[in-house]
Amino acid sequence: MKKIFSGIQPTNVIHIGNYLGALKNWVALQDEGEAIYCIVDLHAITVPQDPKILKEKILETAALFIACGVDPSKATLFVQSSRPEHSELSWILNCFTGMGELKRMTQFKDKSGGDQDNVTAGLFDYPVLMAADILLYQTTHVPVGEDQKQHIEITRDIAQRINSKYGETFTVPEPIIKQSTARIMALDDPSKKMSKSSPNASSFIALTDTPDQIREKIKKATTDSGSEIKSSPTGEKPAITNLLRIFSGMTGREIPDIEREFEGKGYGEFKNALAEAIIEELEPIHKKFEELMADKEALHQILTQGSQKIAPLAQETLNKVKEKVGLGI
Ligand code: ATP
Ligand code: LTN
């Protein structure tokens, strides 16, 4: 039986890159095995956060998961910091991880912007906490976007290292990366990944954007030279390729089918149809999100129950590791 684990940080806004690259797959996978989905607030504090906003975002993120189709009666939802086993296992795994391995992580290099002395040790150590999240639940599959592939590889390396030193301790997990939507690019610059932390709000479409905001952002989205609505998997037309991938992800239609529909038509017509397709997919999500946010008590309860449900598994793995390493009395 598949054991699925994934997480999203409760920071900024969840955008259509997160939705197509990760969340949509989470929903599909909850019917294929035991799924555990986590709001990774400990990861969020690796960069400065306003405490009041962070708390509010944790609930909003839970509401968005459910609004997007994660069903709390099928999948377990919980907040990372509510289970102390994550931090504890993370410390132990730190002692089995090399500085050199962490220095090679491209996300750390990107996020520290070359100024490694002025970011937190938490940001450097971020992949080890992520490894703890995954390994604690003996996860078999981790649905993520392309940017997290290297973090799953280091998780596998750490698990294999401990397994070969102490005998079978952890399940070695596999990533699930849906290639067509694994890396949705920024609307203002198709050479950059669509990112929550971008200072330019026009670079992403948030799941909570209004229809007018969506129309405006798609209208402004960068396009390539020429006027053909045709993708180029080899990279000469990165902007239109990205817009076609978004169109396909939102509607479930194949890219060649969309290209045929817009043959001989211009960007204007294509962009109008794309904006409407996004609005149509997001409308029920907005509605559900508003309903869920109106009953915060119910959201608290879902998250508390989720955390209690998975406690025995987290404790079992942690105790096993402590025993093998020789910790405790
Ligand atoms: P930031 O860019 O600020 O680091 P983020 O947008 O990557 O944040 P996360 O919470 O780090 O957001 O990612 C949540 C999930 O969404 C991860 O599985 C990640 O791989 C996926 N994801 C993030 N951005 C994209 C994207 N542009 N395209 C596809 N998947 C993405
Ligand atoms: N690092 C991921 C979020 C994350 C995660 C995880 C994803 C934290 N722990 C465990 C999958 C499994 C991100 O920010 N994109």
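In case you wondered, yes, glycine gets a Cβ from its N, Cα and C as well.
All annotation found in TrEMBL is predicted automatically rather than curated by experts.
The ATP binding site annotation in TrEMBL covers Gln9, Pro10, Thr11, Gly17, Asn18, Gly145, Glu146, Asp147, Ile184, Lys193, Met194, Ser195, Lys196, Ser197. Secondary structure from DSSP puts Glu146 (ATP binding site) in a helix.
The motif ''HIGH' region' feature in TrEMBL is assigned to 10-18. Under 8 Å from some Cβ of the motif ''HIGH' region' (10-18) lie the Cβ atoms of residues 39-41, 44, 47, 49, 54, 57-58, 60-61, 64, 145, 183-184, 193-197, 204-208, 246, 249-250, 278, all in the same chain and six or more residues away from its ends.
Look at TrEMBL and you will find Asp133 tagged as L-tryptophan binding site. A simple way to gauge crowding: the CB of Asp133 (L-tryptophan binding site) has 27 other CB atoms within 10 angstroms, across all the protein chains here.
Marked as motif ''KMSKS' region' by TrEMBL: 193-197. For the motif ''KMSKS' region' (193-197), the DSSP counts in helix, strand and coil order read 0 helix, 1 strand, 4 coil.
Sequence-distant contacts of Lys196 (ATP binding site), defined by Cβ-Cβ distance under 8 angstroms and a gap of at least six in the same chain, are Gln9, Thr11, Asn12, Val13, Ile14, His15, Asn18, Phe204. Only Gln9, Ile184, Met194, Lys196 of the binding-site residues listed as Gln9, Asp133, Ile184, Met194, Lys196 bring a Cβ under 6 Å of any atom of ligand 1; the order follows the sequence.
Each residue in the motif ''HIGH' region' (10-18) gets a DSSP state, and the totals come to 3 helix, 1 strand, 5 coil. Taking CA atoms as the reference points, Glu146 (ATP binding site) and Asp133 (L-tryptophan binding site) are 18 Å apart.
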